[in-house]
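Copied over from TrEMBL, here are the features:
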- 14, 67, 77, 78, 147, 181, 198, 199, 208, 209: substrate binding site (BINDING)
- 76: active site, proton donor (ACT_SITE)
- 76: active site (ACT_SITE)
- 207: active site, proton acceptor (ACT_SITE)
Ligand SMILES: N[C@@H](CCC[C@H](N)C(=O)O)C(=O)O
């Protein structure tokens, strides 16, 4: 048996096990990630953030993000804020701006009061598609935030609340060969509400990249090329700012525990 140090943090209730691996000596297998993220047999988390040295000279640290089932994803918007909060608290980085290497490129995170703002890069709109849950089907807009999203608008809040998201919504695997995160939305910009089913996880209390996709679609529906949209998620509220050049994700990130895990 070996032990590993960990911390636990969340951003609007999207929670992560953080594993510092400053020497890059702890390549975790899928099953080990799944155990660490298991809420009964492990620590519990929607995903895992391994803190590893970056090979890119533009950033000191690489966020090795893994979903709760051990699968790899390109990007995690809540995760990168929690990652930077951890770096700052551990003295591994200095604010106010911290670049982080991710599989979706370098993301710069800026401290803004109690919150952290991430330059996520522009949303990329793809084809329209659809998602189905329990025999009901909604049209949706595909959006890439480095990782794949499908944004579906529902009629009203009661429809959103009644949605059963225990299972993965059905989607077109021809459009999303790598799977997809599906967001269900009500309301219009500048303030919308969403629930999400995340690829490799299940329903979560929040998804940062999902909120970016939702905010970008909501602003576009409102005929706005740029602007601000608040996105209410079950775990809180995220703010999406779209400019001519990029898209910013702003929200809280907190570290709630530290410890040792026997593996
Ligand atoms: N919760 C994340 C997204 C994590 C990755 C996602 N499940 C995927 O597989 O693409 C966020 O805050 O963005």
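Placement of Cβ uses the backbone N, Cα and C atoms for every residue, glycine included.
For the substrate site listed in the record, the two most distant Cα atoms among 14, 67, 77, 78, 147, 181, 198, 199, 208, 209 lie 16 Å apart. Counted over every protein chain shown, other Cβ atoms within 10 Å are most numerous around 207 among the active-site residues 76, 207.
If you measure from the Cα atom of residue 14 (substrate binding site) to that of the residue listed as 'active site, proton donor', you get 10 Å. Cα of residue 208 (substrate binding site) to Cα of residue 76 (active site, proton donor): a distance of 7 Å. The 10 Å shell around the Cβ of residue 208 (substrate binding site) contains 29 further Cβ atoms across the protein chains shown. When the binding-site residues 14, 147 are compared by the number of other C-beta atoms lying within 10 angstroms of their own C-beta, 147 comes out lowest.
Around residue 198 (substrate binding site), the C-beta neighbours below 8 angstroms that are at least 6 residues distant in the chain are 46, 67, 181, 204, 207, 210. Cβ atoms within 8 Å of the centroid of the Cβ atoms of 14, 67, 77, 78, 147, 181, 198, 199, 208, 209 (the substrate site) belong to the same-chain residues 47, 73, 75, 76, 79, 196, 201, 204, 207, 210, site residues excluded.
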